[in-house]
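See below for the structure under consideration.
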């Protein structure tokens with residue numbers, strides 16, 4: 001007997017399949033791949049993928065445009081990156097990140113007021129972004145609005161205790177001449193920032209050394225910095241420059257040799273090496289190093305100053321005039337530059353322009369004795385004894401002011417000797433200070449007026465210590481000497 005057995009259908013035995021993952025929208029399909037190649041710094045592949053993505057989306061993919069703009073900026077094409085970031089801001093006007101990048105590109109192009117406007121617009125979209133407040137403060141510094149800059153940086157510190165913000169806030173106080181507030185800012189920064197951060201220890205070194213004259217404290221901070229990172233080239237340059245300031249040129253050169261492995265193309269490094277050779281009276285080597293520094297940083301006025309000084313010492317007055325004129329264009333409010341320019345013009349037999357340069361130096365100067373002394377020597381040699389006596393008396397007034405306030409009681413022996421000779425020639429009477437014989441004073445052998453001494457301490461040997469403080473090294477214990485001729 002046959003029985004019919006009904007088998008279940010084959011479809012009933014299959015298990016249910018999982019649902020397929022939803023496909024990404026076409027606008028965002030390759031974003032992950034773009035990001036992957038960008039963080040690997042494979043920019044060529046990244047740009048090829050971005051080109052395909054923008055072609056498929058007809059330029060509507062915000063992320064692809066954003067990364068393309070970042071790559072353009074890295075390649076130095078700031079204007080093109082600005083245009084692309086502006087496209088991102090049009091695609092997504094509610095994104096504060098897009099506006100921040102637009103403002104950043106404007107800042108890099110030097111359009112600081114336009115950058116401030118865009119940053120303010122970004123701040124309205126995101127009021128708790130530390131980066132916006134910090135960058136606003138930096139922009140205000142460039143527009144010389146220090147009050148607004150200080151407000152924005154303090155607001156940024158309320159949102160995030162960041163080391164860069166402390167650095168910029170301290171810089172504002174330094175630019176305003178308020179050293180005490182700057183020191184307070186850096187001291188408070190050390191409490192919040194990692195002890196391994198060398199920036200603040202290095203900055204304290206600059207402050208204590210060049211502003212307050214506390215050399216022992218400076219060495220402590222520098223030693224701590226090198227303990228945490230023995231290969232930190234900034235700390236090595238700082239140590240070398242301090243040794244160079246005290247005349248230890250060979251030890252300083254050993255320090256610079258170590259730093260050269262890390263930063264072989266550093267303008268401050270080559271500037272300092274050049275001035276070491278200058279201190280050792282190897283003038284041709286000094287000029288070679290300084291010209292390399294000038295090639296690497298053509299708009300650094302301190303390098304141009306040193307080049308002018310070395311050429312003056314070598315009696316190459318036309319070359320000295322060239323470099324000092326360039327330095328004055330970059331630093332028009334510095335009296336010493338006009339003084340050295342006048343020395344060069346005097347030796348080029350251009351007495352009229354030399355006198356004008358001296359007058360400009362006297363007008364700008366408030367405390368440097370050499371300006372008045374050199375001007376008095378020049379006027380005496382020109383036969384204008386009455387005007388020379390006035391400059392000599394002004395120099396004596398500055399001396400008495402410094403001695404009374406204990407600002408500087410150690411003067412270079414050559415300066416003292418020169419002042420004594422000039423005072424006797426002018427019959428100005430004996431000053432209580434100048435009547436004291438200078439230690440190790442040596443007679444000047446030069447006959448022309450106002451020639452620079454080869455022992456003059458050059459300005460800017462410490463310029464590796466930082467942008468805000470780099471020129472302060474020229475005003476160390478021993479004054480610079482450029483007057484060296486008998487009246």
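The backbone N, Cα and C atoms fix where each Cβ goes, glycine too.
Record note: among 380-433, 434-487, 434-487 is the stretch given as region 'Disordered' by TrEMBL. The DSSP breakdown of the repeat 'TPR' (301-334), given as helix, strand and coil counts, is 27 helix, 0 strand, 7 coil. For the repeat 'TPR' (163-196), the mean pLDDT of the prediction comes to 80.
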